[in-house]
Amino acid sequence: MSSGNAKIGHPAPNFKATAVMPDGQFKDISLSDYKGKYVVFFFYPLDFTFVCPTEIIAFSDRAEEFKKLNCQVIGASVDSHFCHLAWVNTPKKQGGLGPMNIPLVSDPKRTIAQDYGVLKADEGISFRGLFIIDDKGILRQITVNDLPVGRSVDETLRLVQAFQFTDKHGEVCPAGWKPGSDTIKPDVQKSKEYFSKQK
């Protein structure tokens, strides 16, 4: 895995690349196009594979939930935009994606995967990296899975909600926090209010 330039608490590496958009058209997009929104940017190894469509379809099917949080989901792989489009145009029952609600970025030169530190150089493909970038373009969360295991849309949604909550309220979120759960005031005395309720 490459070391990359993606570091928590720092600006996420910008990119400009061709994507297949939800309307089926090709469009050059940049990360900077989404400034003012949260972004979930995830990499997957290859089009026309096995775990990848389950993840991409799961994120696409729930794109509206992310949109309600002012969050854009973007997928990326090293395949060409033509390959992405062919996969989108292949029916789900034949291993395709079907219509998408999220852009799929093409990274054939592997520069974006390299920048984000998810390039599996010996195979020229990406590990399953997922990056949460806040509305100021700052990288807040990184997860990287090895190739055989897919990611959880529920957990990604929870993390976006948690980061947005801490941004807005200045309180911190304990393990497993979900909207409506108790949070912790980051102060030695005030935090006791949370801990005093624990069993």
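The chain as shown is numbered from 1 upward.
Yeah, the Cβs are placed from backbone N, Cα and C, and that goes for glycine too.
Computed from a predicted structure; not experimentally measured.
All chains included, 15 other C-beta atoms sit within 10 angstroms of the C-beta of Lys185 (SUMO1 cross-link). According to Swiss-Prot, the feature SUMO1 cross-link maps to Lys185, an assignment based on a large-scale study or a structure entry.
Annotation source Swiss-Prot lists N6-acetyllysine at Lys7 (among others), citing a large-scale study or a structure entry. Classification of Lys7 (N6-acetyllysine) by DSSP places it in coil, neither helical nor stranded.
The N6-acetyllysine annotation in Swiss-Prot covers Lys16 (among others), and the record cites a large-scale study or a structure entry as its basis. The Cβ of Lys16 (N6-acetyllysine) lies under 8 Å from the Cβ of Asp28, Ile29, Ser30, each of these being in the same chain and 6 or more residues away along the sequence.
Cβ-based neighbour count (10 Å, all protein chains) for Lys27 (N6-acetyllysine) stands at 13. Per Swiss-Prot, N6-acetyllysine is recorded for Lys27 (among others).
Residues annotated as N6-succinyllysine in Swiss-Prot, with similarity to another entry given as evidence: Lys35. Around Lys35 (N6-succinyllysine), the C-beta neighbours below 8 angstroms that are at least 6 residues distant in the chain are Asp135, Lys136, Gly137.
Secondary structure from DSSP puts Lys35 (N6-succinyllysine) in coil. The N6-acetyllysine annotation in Swiss-Prot covers Lys35 (among others) and rests on a large-scale study or a structure entry.
Swiss-Prot lists Lys136 (among others) with the feature N6-acetyllysine, giving similarity to another entry as the kind of evidence. Just so you know, the Cβ of Lys136 (N6-acetyllysine) picks up 12 other Cβ atoms within 10 Å once every protein chain is counted.
The N6-acetyllysine annotation in Swiss-Prot covers Lys197 (among others) and is backed by experimental evidence. A sphere of 10 angstroms centred on the C-beta of Lys197 (N6-acetyllysine) encloses 8 other C-beta atoms.
Here Swiss-Prot flags 176-199 as region 'Disordered'.
Counting only same-chain residues at least 6 apart in sequence, those with a Cβ under 8 Å from the Cβ of Lys7 (N6-acetyllysine) are Leu139. Separation of the C-alpha atoms of Lys185 (SUMO1 cross-link) and Lys197 (N6-acetyllysine): 14 Å, rounded to the nearest whole number. Note: the CA-CA distance between Lys197 (N6-acetyllysine) and Lys27 (N6-acetyllysine) rounds to 52 Å.
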